[in-house]
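Notes follow the structure.
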Amino acid sequence: MHSRRDGILDGSGSPGDRTASPWLFDGNLGPGLPAKWNVLRWLRHIVWPKSTGEPSNKPLRPTAYLDGLRGFCAFLVYIHHHELWAHGAFNYFRSLSFENAFGWRGEFYFATFFGIRNFFTGGHLAVGSFYVISGYVLTVKPLELIQSGDLIKLGDNIASAFFRRWFRLFIPLIVTTFIYVTSWHVLGYWNFNCAAKGTIGEEWWNWYVEFKNFSFLFKEGPPWVTYNTHLWSIPLEMRGSMVVYMASLALSRATTKARLICEAFMAFYFLYIVDGFYCALFMAGMLQADLDLLARRPDGYFPQFLRRLEPYKTFIFYHFFAISMWWGGVPSGTTNIEDVRNNPGWYWLSYLKPQAVYDPKWFYLFFAANMLVACIPRIGWLKRFFESRFCQYLGRISFALYLVHGPILASLGDRIYHVVGWVRTAGDHTTELNWWANRFPLPKVGPMGLEIAFLVPHIILLPLTLWTADVVTRMVDEPSVKFAQWLYKRTIGGGVEPKQEEQAVALMRLA
């Protein structure tokens, strides 16, 4: 969903560095400078960040590809929402073409072709991948402790992670949505997502009522908040996190074979017996982490049938990647399995969906996301791509990018799309944007999804969104990690947390 994700230290210092206040700015301003220069340098740090504070030649972690994958997935979510917003505004049935397979209703678009479609509407596959990655990185340290038999440190590790998880996930949501709703009244602009209240006080109260229900772990009904509907995945992220934490504790004394069987059964249970696809994705990520750790151990149990497949892993994982790209593009226009069945290439596959799954796409995305995460470290060129500087940068700002791209799209993006000619149909409450409509119309020529009128707005929108995400990462996301860690230390009397959490910082950044 998500940048430094677990609430564990971000590696900027020792656990005792921030006990006085977790919100202190770490900008290297220099105590000898006049106050006004400190302020100016602080402002420059916000507007024009010079570096992440990490040396460029620093060796990558073994799981750096997971950082890059999460970042690239957040970028796919950005593309997905912009494609559907612009094309759905101009022609609703055109947006349906994006959500269906190549050849649907006799329409053959490049953007819907096998594999290619994931670069245009891969947001659903991205969310599934988020959950698998989170299940992996949240449990990799607990599983290491379980496999080494250090159950005391396991309890310390999970207690800390469990305590901080809510704060780590929801503080950035609180800050970004509050600023967003306040901006409507301060700047006085109309927003497509929801009508502004009469006064800013009413707006704040409505925001509070919505958010306190939205953030409740056991809330029933749809997990939506009208101020930013793209945040629906965060409560499910919280629930999935609780599931894998509890599974780690419950299975900590089980034999290795029994633990693997239980992890696989729980994934099966959540997917096939009850409609808990997000829990199944988390459990599958935990199972992958367990198997990866066991494979590196020179002793102990490891499933023999997997050992026997080792000589054929290249053949297997290339096929996994192909299936992942195919199933990741599952038709998702509706929740009706008959609509999936009517798409070319999906008739027989539609019969695989179990009775428990309400939204068919998540059944296929469960396998697609798991295959994608599993095959990346085993396909050299794919791993190198996700370890590239571009993907690593996206990984650093991924959570903030997920949080801010929707508000920017619904405010400035909506107006820019109107300016270049993506105007919503009459009657779709567009009177507030009449002044913006077709001010500078651009030709809608080119392949669907790559039209000139669609690409040109991103000269403004993409840099602005990435810059905003970078600012939110540094000013909100990373401080929230430090605050959660600081608060936990205060609750345990200010003592130093177990050393193994310091060692696990880099791996857990994107949990």
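Heads up, the Cβ atoms here are built off N, Cα and C, so glycines get one too.
Keep in mind that TrEMBL annotations are predicted by a computer and have not been checked by a curator.
Per TrEMBL, domain 'Acyltransferase 3' is recorded for 64-420. Annotation source TrEMBL lists transmembrane segment at 166-187, 264-287, 362-381, 393-412, 452-472.
Same-chain residues lying 6+ beyond the ends of the transmembrane segment (166-187) with a Cβ under 8 Å from its Cβ atoms: 2, 5-7, 196, 199-200, 203-204, 207, 211, 215, 217, 225, 227-228, 231, 234, 237-238, 241, 399-400, 403-404, 407, 411, 472, 476-477, 480-481, 483-484, 487. Looking at which of 264-287, 393-412, 452-472 has the most CB pairs under 8 Å to the transmembrane segment (362-381), the answer is the stretch 264-287. Same-chain residues lying 6+ beyond the ends of the transmembrane segment (452-472) with a Cβ under 8 Å from its Cβ atoms: 46, 49, 78, 82-83, 86-87, 172, 175-176, 397, 400-401, 403-405, 408-409, 412-413, 416-417, 420-422, 441-446. Mean pLDDT, taken over the domain 'Acyltransferase 3' (64-420), works out to 92 on the 0 to 100 scale.
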